[in-house]
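Novice: Okay, here's the structure, questions in a sec.
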Amino acid sequence: MAVPGKVAAFRLPPLPTVGEIIKLFRLRAQKQLSQNFLLDLRLTDKIVRQAGELKNAHVCEVGPGPGGITRSILSADVAQLLLVEKDARFIPGLQMLSEAAPGKVHIVHGDILTYKMEKAFPKQLKKNWEDEPPNIHIIGNLPFSVSTPLIIRWLENVSNRDGPFTYGRTQMTLTFQKEVAERLTAKTGGKQRSRLSIMSQHLCTVENCFIIPGQAFVPQPEVDVAVVHFTPLVQPKIQQPFVLVEKIVRSVFQFRRKYCCRGIEILFPESERLKKTEQLMMAADVEPTLRPIQLSMSHFRNLCNAYRKMCDEDPSLFAYNYREELRQKKKLPKNTSHSEQIDEENQL
């Protein structure tokens, strides 16, 4: 964390303000890309402080836009700053920042969803997974449209220890819609408990740091924004492959208002659905009438372990997709009545 009153070792030279950069390059937030600019450098400084001590760190900023957070990162005296920006309109303004911090900034015009993060930092920064996190940080004010798929992608990277986590337990400080942040951090029984809660918390320590009111952004979004900090765990709470855990969790929360056994049922073909569901629930020692939000991490661990054992015994089981079976059932003979077809769908 930055020490109050301490003089930074690095200072940016006088530059146009972020607002002036926006006017100079005629930048406008594109609604279809869910872009919102943060112009208040006090808030961008506060976001960057959540990442911890950044002096001599290597940082990747995701979607820097007009460069508000970028300035705060550079002012923290980082060793290197990698900027990954998809929108070409922002590149000239970022180049101005790069020239103001010679040798510190590398700009990539590309999509963070496809960028190869495992080659982004020097090899000597790598640490063993069991060690303290490497001096590498990911920071970003994420567009709402990309935030959820991106964090799921990175959580899978955490599970596989690849991508930006090739270097060890790389920390992330990211913005999300307030509602998404509440899902990421929701505890057992909480109304916002969801797939995101389980997938993030079984792999990381997740902290909802603070809320930024929507009016702080330009243009003002209809929702408030939360800053969330992630530190990968040395040992995940569920010792199973990411795809298996996600399949279980996604199935359970498919019917979040029903008993948890309803979601478990769709893991199995109709011909053996009831028998297999009962078998799994008993092996996992999970009460079938619990609601999805009532399931603890240990419940999900038991479900994943029991399902893995069933898949090992029947390798075809994991490939089963209930939606595909539902599509096949829709291909009924022409003389099948509409009511009969609805009954068939309801059975699934």
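We count from 1, first residue shown onward.
The backbone N, Cα and C atoms fix where each Cβ goes, glycine too.
Grabbed the feature section from TrEMBL, which reads as follows:
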type    : residues                       : note
BINDING : N36, L38, G63, E85, D111, N141 : S-adenosyl-L-methionine binding site
DOMAIN  : 43-234                         : domain 'Ribosomal RNA adenine methylase transferase N-terminal'
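Could you place the listed features in the three-dimensional structure?
Specialist: Long-range Cβ neighbours of N141 (S-adenosyl-L-methionine binding site) (same chain, at least 6 residues apart, Cβ-Cβ under 8 Å): N36, L38, I47, G63, G65, G68, I69, T175, V225.
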Novice: Other than its own, how many Cβ atoms are within 10 Å of the Cβ belonging to G63 (S-adenosyl-L-methionine binding site)?
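Specialist: 23, counting other Cβ atoms within 10 Å of G63 (S-adenosyl-L-methionine binding site).
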Novice: Cβ-Cβ under 8 Å from E85 (S-adenosyl-L-methionine binding site), same chain, 6 or more residues apart: which ones?
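Specialist: Those within reach of E85 (S-adenosyl-L-methionine binding site), by Cβ under 8 Å and sequence separation of 6 or more, are G63, P64, G65, I91, L94, I107, V108, H109, G110.
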